[in-house]
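Trainee: Provided herewith is a single structure, encoded as structure tokens, for subsequent inquiry.
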Amino acid sequence: MDRPPVVALNEVSKSFGAVRALSGVSLQLLPGEAHALLGENGAGKSTLIKTLAGVHRPDAGQVLVDGSSRRFSGPADALAAGIAIIYQEPTLFGDLSVAENVFMGRQPLGFGRRIDVASMHARTAELFSRLGVRLDPARPARGLSIADQQLVEIAKALSFDARVIVMDEPTAALSAHEVQRLFGVVRALRDQDAAVLFVSHRLDEVFALCQRATVLRDGEFVWSGELSGETPDSLVRRMVGRELSQLFPKQDTAAGEVLLSVQRLTREGVFTDVSFDVRAGEIVALSGLVGAGRSEVARAVFGIDRPDGGSVHVRGRKLKYGSPTAAMAAGIGFVPEDRRQQGLVMDASIERNTALASLSRLSTFGLLRRSSERALAQDWAVKLRLKFARLSDPVGVLSGGNQQKVVLAKWLARKPSVLIVDEPTRGIDVGTKAEVHRLLSELAGQGVAVLMISSELPEVLGMADRVLVMHEGRLVEELSRDEATEERVALAAAGQVAR
Amino acid sequence: MTAATAVATRGTAARRLSNRVGRVRELGIVVALALVVIPTAIVNPRFIQPQSLRDLLLNASIVALLAVGQTLVVVTRNVDLSVGSVLGLSAFLTAQQFADHPGTPLLAGIGFGVVVGLACGLLNGLLVALGNVPSLVVTLGTLYVFRGIDYALAQGRQVNAANLPDALLDLGSSRILGIPILVLVTVVVIAVAAVYLRSYRSGRELYAIGSNPEAATLAGIPVAKRTLTTFVLSGLIAGLAGALWVARYGTVDAAAGTGLELQVVAAVVVGGVAIFGGSGTVAGAALGALLLGTITSCLVVLQIPAFWQQAIAGALLLSAITVDRLLALRLAKALRKTEGTSHA
């Protein structure tokens with residue numbers, strides 16, 4: 001006999017204006033079980049999570065806690081019901097200490113209901129040791145990497161012994177090692193009878209962790225059942241409703257002249273003596289664990305951060321230090337890791353965002369022509385098969401995959417000769433991912449030099465002509481496409497290079 | 001093992017550095033105070049006589065009091081520009097109450113002023129928290145509304161010290177152990193607010209709201225309720241300051257406290273409270289008020305023309321913001337360097 005669900009959604013519907021985000025979706029979370037929520041971006045996963053979180057109130061249907069219907073009037077109610085949510089985008093307070101972030105609103109109290117800081121720090125340290133990470137509980141949250149921020153969020157969920165833990169893409173920013181740690185903790189929680197709802201685009205993780213899955217497509221319930229009889233292919237078919245072609249289609253292209261040359265680039269305390277070339281038509285992957293300094297190298301090459309030593313040449317001409325303007329003028333495009341914060345102006349329209357890097361070309365005597373902005377955006381929206389309602393909609397309403405297409409369009413509109421992409425497919429659904437891969441491959445075919453940073457090994461191995469591996473701020477290994485295997489890259493990333 | 005230890009120590013270094021930056025901020029004000037007081041004292045030794053120092057503290061205490069209320073508001077990423085008008089309205093109504101009803105007990109009269117301020121703060125808070133109107137706009141509006149009510153009620157009259165009870169006037173001038181009572185009241189308010197902001201859950205939630213409003217909502221913090229509370233407290237403190245203003249100056253008309261709000265905001269910023277919320281202390285804000293007040297007094301003692309005094313106060317504000325910015329950049333760089341975890 002099955003045990004009753006801790007939390008269940010019963011025929012829940014939710015609309016935003018004319019857009020139907022969820023229609024009649026049901027879901028049951030059982031104690032001691034990890035449940036995967038699957039679907040492409042825009043399928044309604046986020047809306048479902050926010051309904052569980054008490055952020056959205058359903059238009060129809062019920063949220064059941066222990067079998068009885070509940071109306072959450074806000075996130076506090078959901079928290080009180082024992083539902084902890086780990087959002088995809090970390091929601092930390094940068095000015096406050098890590099420990100306060102973990103215990104906000106639930107700080108341990110001492111004499112006279114005053115916060116007992118020592119005990120708060122001790123308990124935070126204890127949570128971190130359960131997660132196997134070393135973070136000073138007293139340091140401010142500001143300045144933490146995305147992976148570390150994610151770990152703080154996870155510690156927060158652990159801190160109140162939640163009965164239901166919802167994780168929205170918790171592993172997107174984590175390295176393989178951190179993912180294993182996290183899974184260990186999640187399994188332990190599950191064995192202590194917590195219900196886990198796990199959202200991920202990485203199907204291998206889903207199979208490693210979950211017993212049951214629910215698939216959504218376009219806001220509708222598609223399928224729910226045991227994972228034991230399923231394969232990744234069968235799940236993908238349910239998510240997209242069609243067969244997928246091969247995921248990583250990089251074609252071989254003859255490498256041309258060196259377009260980007262980085263020599264002994266150093267930024268103190270971040271990375272040291274990094275040298276590499278990228279040729280026309282090549283895709284070079286920069287691999288390594290989170291925190292190895294990959295994104296930091298990319299930022300320095302593009303001139304966002306000022307290096308302390310070394311040089312960057314584009315087509316043989318030396319770039320000025322610390323100037324993105326100079327990097328852009330030299331033909332570099334940069335698709336950053338964090339598209340919401342760094343890649344896009346979320347409140348601005350699709351056309352504004354697309355045109356953002358091409359403003360001088362689109363204006364006459366310093367005045368921007370609206371019509372040319374629109375024409376440019378229209379052109380690229382078609383080329384990249386962007387899904388949108390109107391070009392004047394804020395880019396924030398698009399799904400993650402479509403947002404990434406807008407970032408790409410912004411740079412492609414400048415016809416770059418060097419394109420740096422940092423985690424180009426993070427948090428993007430399978431279908432769009434394949435499109436992004438095809439696009440990068442096409443660009444390389446057209447003679448663009450592509451430098452790709454990625455934490456996904458299959459992506460690295462499938463797409464890259466060469467793989468550079470970083471470990472603790474240094475380039476430790478260079479592998480050709482034939483040499484690169486999952487094992488060799490992982491070993492080098494862990495600092496185990498046979499010399 | 002060595003790598004892990006190194007990371008642990010680096011993390012600790014980050015904490016130490018950020019603590020130190022916080023302390024440097026308050027220490028900086030103390031140093032600045034010394035830098036203005038010492039030269040002035042050399043030019044005019046009478047400047048550091050006890051009576052003169054007492055006046056310094058007395059003059060600063062009303063602005064410092066308002067700065068405490070303002071800090072509560074600014075920490076949540078809001079601002080209360082109406083404090084000068086609230087003080088004026090409370091001062092006039094309190095004075096009128098004492099003058100029209102000679103038998104009013106001292107505490108009841110002061111309490112009346114506090115209630116007036118509380119009502120004003122409640123209006124501000126309701127408009128900001130429930131009406132979702134930016135606080136800058138709301139309090140700019142109520143700045144004029146409260147002052148207008150003040151003028152309408154006063155009808156050009158003023159209340160003189162002769163019509164006020166001696167108990168009230170004594171409060172403004174008497175001392176305990178050589179320290180003026182007004183200063184003691186201010187110190188008590190600062191201490192209570194400091195403990196509240198540092199050690200109580202709802203106090204910490206104010207920082208959380210200012211640091212990341214969206215995350216505060218997701219963390220289940222009652223943002224509207226807390227915001228409302230800060231405006232009520234700011235109004236209440238401004239009401240108290242109004243009653244104390246009567247005690248200190250004795251003569252009150254409808255113009256009392258005009259323009260004070262800008263001094264208060266300046267004191268808060270000089271005192272290291274981030275204008276976009278999330279960080280800062282009431283002690284810093286009060287020190288900021290003391291520094292601004294002291295500079296004004298010094299310039300008077302040094303016989304520098306009045307219009308220079310304003311320019312110098314403005315320059316100080318700009319340099320305070322510059323120092324903050326530089327410290328923030330250094331801290332960000334240091335935090336980045338020490339970023340990262342080690343995985344055993």
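Note: Cβ is positioned from N, Cα and C throughout, glycine not excepted.
Note: TrEMBL annotation is automatic and uncurated.
Straight out of TrEMBL:
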TRANSMEM  B:27-44  transmembrane segment
TRANSMEM  B:56-75  transmembrane segment
TRANSMEM  B:81-99  transmembrane segment
TRANSMEM  B:106-130  transmembrane segment
TRANSMEM  B:176-197  transmembrane segment
TRANSMEM  B:228-248  transmembrane segment
TRANSMEM  B:254-275  transmembrane segment
TRANSMEM  B:282-302  transmembrane segment
TRANSMEM  B:308-327  transmembrane segment
Trainee: In terms of Cβ proximity under 8 Å, which residues at least six beyond the ends of the transmembrane segment (B:308-327) contact it?
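Mentor: Same-chain contacts beyond the ends: 21, 24-25, 28, 32, 266, 269-270, 272, 274, 288, 291-292, 295-296, 299-300.
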Trainee: Which range out of B:27-44, B:228-248, B:254-275 gives the transmembrane segment (B:56-75) the most CB pairs under 8 Å?
Mentor: B:228-248
Trainee: Count the CB pairs under 8 A between the transmembrane segment (B:81-99) and each of B:27-44, B:176-197, B:228-248, B:254-275, B:282-302, then give me the winner.
Mentor: B:228-248
Trainee: If I count Cβ-Cβ pairs under 8 A between the transmembrane segment (B:27-44) and each of B:106-130, B:176-197, B:228-248, B:254-275, B:282-302, which range comes out on top?
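Mentor: Of the candidates B:106-130, B:176-197, B:228-248, B:254-275, B:282-302, B:282-302 scores highest.
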Trainee: Quick test of the contact rule: Cβ under 8 Å, at least six residues beyond the ends. What residues does that give for the transmembrane segment (B:106-130)?
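Mentor: For the transmembrane segment (B:106-130), the far contacts come to 78, 80, 82, 85-87, 89-91, 93-94, 97-98, 138-139, 142, 146, 165, 167-168, 171, 223-225, 227-244, 246.
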Trainee: Taking pairs 6 or more apart in sequence, does the count of Cβ pairs under 8 Å between the transmembrane segment (B:282-302) and the transmembrane segment (B:228-248) hit 3 or more?
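Mentor: No, these stretches are not in contact.
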Trainee: For the transmembrane segment (B:254-275), find every same-chain residue at least 6 residues outside the stretch whose CB is under 8 Å from a CB in it, and list them.
Mentor: 25-26, 29, 62-64, 66-67, 70-71, 74-75, 79-85, 87-88, 91-92, 143, 147, 150-151, 153-154, 156, 158, 210, 242, 245, 281, 284-289, 291-292, 313, 316-317, 320-321, 324
